[in-house]
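A.B. asks: Take this structure, written in structure tokens, and hold onto it; I'll ask about it next.
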Amino acid sequence: SGLVLVKNPHLDLMEEDVLYHLDLGTKTHNLPEMFGDIKFVCVGGSPKRMRAFAQFMRRELGLAGPGEDVADICGGSDRYAMYRAGPVLSISHGMGIPSISIMLHELIKLLHHAKCRDVTIIRIGTSGGLGIEAGSVVITDTAVDSFFRPRFEQVVLGDVVVRSTELDKGLAEELLACSRDIPDFPTLIGHTMCTYDFYEGQGRLDGALCSFSSEKKLEYLRRAYDAGVRNIEMESTAFAALCGLCGLKGESCRFHLL
């Protein structure tokens with residue numbers, strides 16, 4: 001049916017669903033009226049970047065009038081920022097799996113309560129590239145963990161739950177085709193490795209702790225490249241797992257800064 005799914009039978013027993021970190025709720029807000037026509041959701045780490053993206057989309061869609069600005073729908077919360085440009089929702093998610101996971105749980109419930117259909121969600125942002133030209137955009141085909149496995153492990157009540165991290169291959173090819181109209185940025189499809197840490201987890205030598213040599217770092221990164229990894233970040237496995245389970249067509253596009 002194209003509806004966004006939730007896989008939690010307890011939600012049906014609740015009189016009200018409070019989306020606490022988004023400052024929204026099923027009793028306090030008319031979610032179908034506010035969000036029922038949303039078709040695209042773009043998420044990224046920084047509130048300022050997602051505000052700028054919403055402003056850009058308003059201009060591209062011809063929705064921006066002179067002096068108009070976008071309003072933060074989650075203005076009552078200091079956790080995330082959410083902006084709207086027509087059928088496009090732009091939301092920040094912070095850094096790391098815990099932060100994006102909280103946002104995605106509430107976003108998915110929001111889209112479900114709003115009765116949205118055929119929603120596409122795209123993660124946009126920056127990452128560390130691996131063996132690619134600076135300024136490249138990596139479109140993720142599969143998110144992998146630090147062992148190069150296409151899986152997301154979540155500990156639930158003492159049990160390790162393993163979930164798939166395959167992303168929508170058709171959407172990846174669609175985005176790659178679109179990139180051919182923008183020659184300024186080299187674009188490729190590859191694996192994205194998701195880590196739990198910015199410093200040691202990504203092999204950086206400049207953290208407060210470093211338990212490895214530069215030689216060991218280079219050997220590990222070579223193995224990652226040989227496994228198909230082209231960029232490294234901290235959210236993709238959780239993003240892919242939740243989107244896949246809840247019927248969202250999802251993709252991640254990351255810009256390699258350095």
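Placement of Cβ uses the backbone N, Cα and C atoms for every residue, glycine included.
Pasting the feature list from TrEMBL:
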- 39-249: domain 'Nucleoside phosphorylase' (DOMAIN)
- Arg79, Arg123, Ile124, Gly125, Thr126: phosphate binding site (BINDING)
- Gln202, Arg204: substrate binding site (BINDING)
A.B. asks: Taking Cα atoms as reference points, rank the binding-site residues Ile124, Gly125, Thr126 by distance from Gln202 (substrate binding site) and give the first.
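C.D. replies: Of all the candidates listed, Thr126 is nearest in space.
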A.B. asks: Name the one residue among Arg79, Arg123, Gly125 whose Cα is closest in three-dimensional space to that of Arg204 (substrate binding site); these are the binding-site residues.
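C.D. replies: That would be Gly125, nearest by Cα distance.
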A.B. asks: In this structure, which of the binding-site residues Arg79, Arg123, Arg204 has the fewest other Cβ atoms within 10 Å of its Cβ?
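C.D. replies: Minimum Cβ neighbour count within 10 Å, taken over the binding-site residues Arg79, Arg123, Arg204, occurs at Arg204.
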A.B. asks: Please identify which of Thr126, Gln202 has the densest Cβ environment, defined as other Cβ atoms within 10 Å, among these binding-site residues.
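C.D. replies: The residue with the most neighbouring Cβ atoms within 10 Å is Gln202.
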A.B. asks: Please report the number of other Cβ atoms within 10 Å of the Cβ of Ile124 (phosphate binding site).
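C.D. replies: Neighbour count, Cβ to Cβ under the 10 Å cut-off: 18.
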